[in-house]
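Notes follow once the structure below has been shown.
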């Protein structure tokens, strides 16, 4: 394994976020059954969900009330076996806790007792057509990304042949121009200038654009262009796993550039090491094609083929053969 290069570009660290219920409603296209409750001011702080089957049965020890509560067919069938006064008592008991929201899956219609209990407690009551398990998984994945530790870095993130490539370098080096050429060649822009990187797991970093600059590129001498409007929806992407970093720099005669690729270098973000390549810039070099080749080569390495290693083994074998013949 190669060395890990310290990050020289300025980065900004943010702590895990809280997410408003209104964002979840918008993301999952949920039906709001209690529209009088202000969901902008109610937040989810734990990236997980709970199915309150035991709580609806009256057992509240170890109740994860700060999670999103999801009710499906099983819970509903159990509740419908109760008399109305008993159901109302269970609803009143569960809504005493600080629940961010309750979601009914499969477009199940909650009874009037549940609606009134949520209204009185100020807990948003929502509905989704998704199957229960699918809804749980989707919400957990989304919340883990939204609440993950995050940094912002200066660069351009592009999806190149499925590889998330972060192009970095000094201002004016040509990062945005390289990204624009990649877009024209059929690849997709994730973010220009400011990239938000979130650590969604010990192995994965996911990059996104800030909402205010999403789909825009700044080109010196021209100004701001809207990539989505100019090149179509197929030219942009909202999120992308980060797989590699391309660092653009002015060509220097004093620097010894890697010409074989036998040793990998890495750059660290949020404790994750990402493979990094230094690309010297000189007039006439097509940066977009170089980035494409780097992305394809990185995919090949992950699939077990290393061209530099194959060449090294061929040269070594040939040298040994020559030595044997000379002997």
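Positions of Cβ are set from backbone N, Cα and C atoms, glycine also.
Here TrEMBL flags 19-143 as domain 'HPr(Ser) kinase/phosphorylase N-terminal'. As a summary of secondary structure, the domain 'HPr(Ser) kinase/phosphorylase N-terminal' (19-143) carries 55 helix, 18 strand, 52 coil according to DSSP.
Model confidence over the domain 'HPr kinase/phosphorylase C-terminal' (146-314) is summarised by a mean pLDDT of 91. Marked as domain 'HPr kinase/phosphorylase C-terminal' by TrEMBL: 146-314.
Taken residue by residue with DSSP, residue 154 (active site) is part of a strand. Annotated active site per TrEMBL: 154 (among others), in sequence order.
Residue 174 (ATP binding site) carries neither a helix nor a strand DSSP state and counts as coil. Residues annotated as ATP binding site in TrEMBL: 169, 170, 171, 172, 173, 174, 175, 176.
Taking a C-beta cut-off of under 8 angstroms and a sequence separation of 6 or more, residue 175 (ATP binding site) has the following same-chain neighbours: 155, 156, 167, 168, 169, 192, 248. The feature active site is assigned by TrEMBL to 175 (among others).
Annotation source TrEMBL lists Mg(2+) binding site at 176, 218. All protein chains included, residue 176 (ATP binding site) registers 21 other Cβ atoms within 10 Å of its own Cβ.
Sequence-distant contacts of residue 193 (active site, proton acceptor), defined by Cβ-Cβ distance under 8 angstroms and a gap of at least six in the same chain, are 154, 155, 156, 176, 213, 218. Per TrEMBL, active site, proton acceptor is recorded for 193.
DSSP gives residue 259 (active site) a coil state; it is part of no helix or strand. Under the heading active site, TrEMBL lists 259 (among others).
TrEMBL lists 280-285 with the feature region 'Important for the catalytic mechanism of dephosphorylation'.
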Quiz item: What is the interatomic distance between the Cα atoms of residue 173 (ATP binding site) and residue 259 (active site), given in whole Å?
Solution: 22
Exercise. Other Cβ atoms within 10 Å is the metric here; tell me which of the active-site residues 154, 259 scores highest.
Key: 154
Quiz item: Near the ATP site, what residues other than 169, 170, 171, 172, 173, 174, 175, 176 in the same chain have a C-beta no further than 8 Å from the centroid of the listed C-beta atoms?
Solution: 248
Exercise. Using all protein chains in view, find how many other C-beta atoms are within 10 Å of the C-beta of residue 170 (ATP binding site).
Key: 14
